[in-house]
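Among the features that TrEMBL reports, NADP(+) binding site is placed at D:Arg48, D:Arg54. Feature annotation from TrEMBL assigns FMN binding site to D:Arg125, D:Ser126, D:Ser127, D:Gly281, D:Lys296, D:Pro297, D:Thr298, D:Ser299, D:Ser300, D:Arg322.
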Protein chains: 4
Amino acid sequence: MSRSVFGNYFIVSTWGESHGRGIGAVVDGCPAGLSLSPEDIQRYLDRRRPGQSRYTTARKEGDQVEILSGVFEGRTTGTPISLLVPNLDQRSRDYGNIAYSYRPGHADYTFDQKYGFRDYRGGGRSSGRETIGRVAAGAIAAKILGELGIEFTTYTKSIGPVSIETLDRKEISNNPFYMPDAQAAKKAGEYLESCMAEHDSAGGIIECRINGVPAGLGDPVFGKLDAMLAQAVMSIGAVKAVEIGEGIQAASLKGSDDNDGFSVVNGTVTKTSNHAGGIMGGISDGSEIVLRAAVKPTSSISQPQQTITQDHENITLVVKGRHDPVIVPRAVVVVESMCAITLVDALLSNMSSRMDHIRSFYKK
Amino acid sequence: MSRSVFGNYFIVSTWGESHGRGIGAVVDGCPAGLSLSPEDIQRYLDRRRPGQSRYTTARKEGDQVEILSGVFEGRTTGTPISLLVPNLDQRSRDYGNIAYSYRPGHADYTFDQKYGFRDYRGGGRSSGRETIGRVAAGAIAAKILGELGIEFTTYTKSIGPVSIETLDRKEISNNPFYMPDAQAAKKAGEYLESCMAEHDSAGGIIECRINGVPAGLGDPVFGKLDAMLAQAVMSIGAVKAVEIGEGIQAASLKGSDDNDGFSVVNGTVTKTSNHAGGIMGGISDGSEIVLRAAVKPTSSISQPQQTITQDHENITLVVKGRHDPVIVPRAVVVVESMCAITLVDALLSNMSSRMDHIRSFYKK
Amino acid sequence: MSRSVFGNYFIVSTWGESHGRGIGAVVDGCPAGLSLSPEDIQRYLDRRRPGQSRYTTARKEGDQVEILSGVFEGRTTGTPISLLVPNLDQRSRDYGNIAYSYRPGHADYTFDQKYGFRDYRGGGRSSGRETIGRVAAGAIAAKILGELGIEFTTYTKSIGPVSIETLDRKEISNNPFYMPDAQAAKKAGEYLESCMAEHDSAGGIIECRINGVPAGLGDPVFGKLDAMLAQAVMSIGAVKAVEIGEGIQAASLKGSDDNDGFSVVNGTVTKTSNHAGGIMGGISDGSEIVLRAAVKPTSSISQPQQTITQDHENITLVVKGRHDPVIVPRAVVVVESMCAITLVDALLSNMSSRMDHIRSFYKK
Amino acid sequence: MSRSVFGNYFIVSTWGESHGRGIGAVVDGCPAGLSLSPEDIQRYLDRRRPGQSRYTTARKEGDQVEILSGVFEGRTTGTPISLLVPNLDQRSRDYGNIAYSYRPGHADYTFDQKYGFRDYRGGGRSSGRETIGRVAAGAIAAKILGELGIEFTTYTKSIGPVSIETLDRKEISNNPFYMPDAQAAKKAGEYLESCMAEHDSAGGIIECRINGVPAGLGDPVFGKLDAMLAQAVMSIGAVKAVEIGEGIQAASLKGSDDNDGFSVVNGTVTKTSNHAGGIMGGISDGSEIVLRAAVKPTSSISQPQQTITQDHENITLVVKGRHDPVIVPRAVVVVESMCAITLVDALLSNMSSRMDHIRSFYKK
């Protein structure tokens, strides 16, 4: 399945443009009997809401989710859950040269090449607002995982050149960057101030740690859990790299440093290290899953940039309006959502992998 | 689609274990009328063959492909192409403690957790031999792409700490590491000697550059071309990270450095740079696609390692036999194959993306 | 793909329950550049609207469609098209024994068995209202087909024991049953009067004829065009049989009667007969596609019926409210919609079946 | 998924042509730990073998299956099972006018239209031999179902105008037609003699009854169990209609006759009738599933027939060689196999439909 549909068992279909009627998602294959309220979803959406600090856009989006189907008397029914977040700002306006020219770093040119024309209002389908559908669906996935004791710690690992040096979980929600290191957050703020002064933008790295994942999720070969996570996370707009465990560093390690040994401690299987990031041969091993995503700097900057119009004239473009100097903090919950959706898909798939499990399920 | 089936239009299904009867692939959805011979496929398989230098295992695999279906009078018929590479070495032997204990860095433990038991002979389905099916199918994909002028340059960018400093395409096939830099290849050889002396192993980075890709391939949202490439490449056994364009470095750049401008030169649209690696908003932009995969060091090393048996006893394991001290050179063609398969899938999908194209196709 | 998602290229995802917030569909993979307005869709929805005669329920549904995404300046953009038909009647009411007992002929029992509980309001997801999503998506498919000169003639072939004897296309919209035979329509009306007098219901047969389909649609083996049509049409609530061409009658013919010969007349390939119904070996042959669906009688009747409660008590149930004595006329457009969706999927898929077509597409 | 791949969980991919190297299937997603031997599969293949009576072709096919992967020490490993049936007869021969003309009733014309050319040897991929892959995979599915107490009774219900009047299960394997009625079998033999004397052929109806299916299999809307069965069975070469329960007869019944009541007898839920054929709202209800397939008469007859060459000349064609005057008996096991594959897919899918089941699976 490709395009705007993701997953084989927990199937998420998203839709909507930046300045259309709204953004939505349909979740098909959600198990019946899950307690679910709009608040469960709203809590996730609020984590990606702009206007939370001076480092994110001042636009008031105030995205409110409505559940249109699939929930009856507070519980999921097993049928498709339709989620709608109306766009508050659908005013027609003057999009000026945006309508006719190709913004560097954006998908304007490629959409025109593929489709022959494009919805140029605010980026259309390639707007960051597209991620609302992912987060709405991800909140449902995370709720399922939560009931099984699977928990996420997702945070900003770096902004521009500023990296965290500690991992203080309690600090994550204390700063506008979702960094688990108060000192790094302070420096990141200073770095962003300098970017803003230069009409420039920054990128960063998001790290997602998932605990409580049972061993056995994921399939050999193409359906490896890390492969599905890679698709899921790389499909987020500005992500340019995905790493599992040691990630790119693994390439320069020696086997004796990278291999994780096993040990039985007090009757429990443990690993002596976790360079693999919780996935071996594409299947979860029961230890912490560790994934990182590299996010490029915000494409919209208010510096003059060289580009062309759709009529192939060379121009200098200045993108107006206020834009997030960094999108990393808002993308933290998007990465978490995509990981949650992927994990639920693997979780449901895995239930039928053994004949003894099938027998005991059906012959009770 | 997950498990051992990949793609939505050009559908590749692989099968086979290390010490079973053989390894194979079925390619469904290959367009009719492609000229195809066993030699077209053999050429690719030969690039992953072991025993080509002292840095790869001395086992004689001599994998020979047979085309069992889907080709008539030298051309593909549009029906499934079944490819078989018989395993020459199917002898029963003493697998010793491998059968009962979990090798660090391998999928032994996770297979047992998922399936309740495993084919322990040579790693079974999680053996490196599994990639034969990928390469056989990839050769067909590459042939399709070649007819459209789409060409690959894939090589080893680094082994352990040794990175290339030049990109000399002609050098790639001159050294056992497929490095485009003779000097680096020499240093890599020295580094591997030292690893072998220490009974240790190395990893490395593979880079794939694809030229001639038309603009417009890939879909917005989940079916982004880079997302599909990430799944495809991360699904290769030892890959721990996938990067597109600037990749992880993009995270520390500023927007003004990372954005690619457009320019019309002599009537042709060009980009002023290619930090994006040829993909914008998930859709190819017509410039060179650049992808990197980080490969972890070979898991099988002949040092004693701490692990457990399936009965949960702590043991020290020494994995016998001769193993590649580095698998990166042999994985070069595997990365290329997975990229080729992904591109063909995107290529076929894209043909129906515009109503005007559909009209002119059917109303001729 | 299963559940509430249909198609591989033109992907339709539907959602919604009888008494929820609304019914909707998301169409992903619709080609860009199709002119599309709400009226295009409304026209189809109006064909399934109740309250059009005394033989359909008097409820005022007045379903109005809204296009929430995927259309910009009157044309499809290639991104998902979200369609919403709000439910006007969402009042909470007393569902009485329906909530606790299993109506014969309905899905009440099986939903409870599968999901552990069910949305009992008006049948929930298994309500006839579910077909609104199909028809909304089908209208888009039909518009694509119409632009290629592919046209549908769909009608009621029989109601209970009353069958048509002529096929007068102009008559179809002249009677409340969509029968192409005024005499048969009159008799059908009389038959339904007698059913209503007995508090009983009737079924019937719907026939769909599709003209202008190019040869070559459909795939060998599992993706045969007739197989995909069979899934599509059998997935409609009350359908219990699907026939292609001679259908069930083919079983009693001899080969010499059933085989369609070929003939070249004035330079054009024609068939000497069309017993096959336009599909040979799963692939369209360019002649008229003929499909029939048998629809069972309406399950809701106001006679006392023997059934059980969810607590396994035997009871006699009387289903209150007014119900269509026959749903066949309203299902005509649903059958047409599912055929249209299936054909578009096959149409898009077929564009990439030949290497020469791919070459001329990409090397222009 | 379309083309030659079927299923979402239990994924069957088939390949092979009539006169190529062989016919095969790859089964991915088969649960681990199923005891499986070549004999389990051979038993099914033997049921479709020709040359068993004077009413089927005298060709010696003697198809022998080999298991190439996915089974270790007699049990499935959870990885793809590759099945190969070599074609014994691959001799090059003179196909005469078959190579250049379009046989009535066959897929010759449509293959040429779709693919531009075709493998004309024995029908290529559209040969009846294609069903070998279905039966080989179906045998595995049936083995899984057998372990859960799900059993098939599949037989010929009619040949030409001759229908069974009794259902004597023990008689099914006593006559060459797999008819559960000795008298009808005798009459069918006489009817076929007359067909053969006239160089003509016959069709017939196959009925499949499945007992022991748990309630709850199948999904609402597009993934209905009857819809998936319809696709599965209609995808078999010569099938022109699929019926569930009352099937086409339901169209002429009244609701009060067609509805199945429920009753609790000795604490067990039973239905007072089974007009629905075991499926309500697309979900199995626990009673017997009843499906019928109408098979057209054999297309190859040795009468002169009007047709055209690929160069569009009108000719009279006589198809040489000996052909089955009826394929219905050999197709019985094919229908059973496709139903088995579909049921296993639904069975695996259903395991994750309820949150309470997921909780108890993972939190043990």
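Cβ coordinates come from backbone N, Cα and C, glycine included.
TrEMBL does not curate its annotations; it predicts them automatically.
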Q) Secondary structure at D:Arg125 (FMN binding site) (DSSP, helix/strand/coil)? A) helix
Q.
Just to confirm: which same-chain residues, 6+ apart in sequence, have a Cβ under 8 Å from the Cβ of D:Ser127 (FMN binding site)?
A. D:Glu17, D:Ser18
Q) With every protein chain in view, how many other Cβ atoms are within 10 Å of the Cβ of D:Ser300 (FMN binding site)? A) 24
Q: Among the binding-site residues D:Arg48, D:Arg125, D:Lys296, D:Thr298, state which ones have a Cβ less than 8 Å from a Cβ of chain C, giving them in sequence order; state 'none' otherwise.
A: D:Arg125, D:Lys296, D:Thr298
Q) Rounded to an integer, what is the Cα-Cα distance in Å between D:Thr298 (FMN binding site) and D:Arg48 (NADP(+) binding site)? A) 15
Q) So which of these binding-site residues, D:Arg48, D:Arg125, D:Ser127, D:Thr298, get their C-beta under 8 angstroms from chain B? A) D:Arg125
Q) To the nearest whole angstrom, what is the C-alpha distance linking D:Ser300 (FMN binding site) and D:Arg48 (NADP(+) binding site)? A) 18
Q.
I want to check the contact list for D:Arg48 (NADP(+) binding site): same chain, sequence separation of six or more, C-beta distance under 8 angstroms. What comes out?
A. D:Thr131, D:Ile132, D:Val135, D:Arg330, D:Ala331, D:Val333, D:Val334
Q) Three-state secondary structure of D:Ser300 (FMN binding site) from DSSP? A) coil
Q.
For D:Arg48 (NADP(+) binding site), which of the three DSSP-derived states applies: helix, strand, or coil?
A. coil
**Q.** Max pairwise CA distance, angstrom, over record-listed FMN binders D:Arg125, D:Ser126, D:Ser127, D:Gly281, D:Lys296, D:Pro297, D:Thr298, D:Ser299, D:Ser300, D:Arg322
**A.** 45
Q) Can you tell which of the binding-site residues (D:Arg125, D:Lys296, D:Thr298) has the fewest other C-beta atoms within 10 angstroms of its C-beta? A) D:Thr298
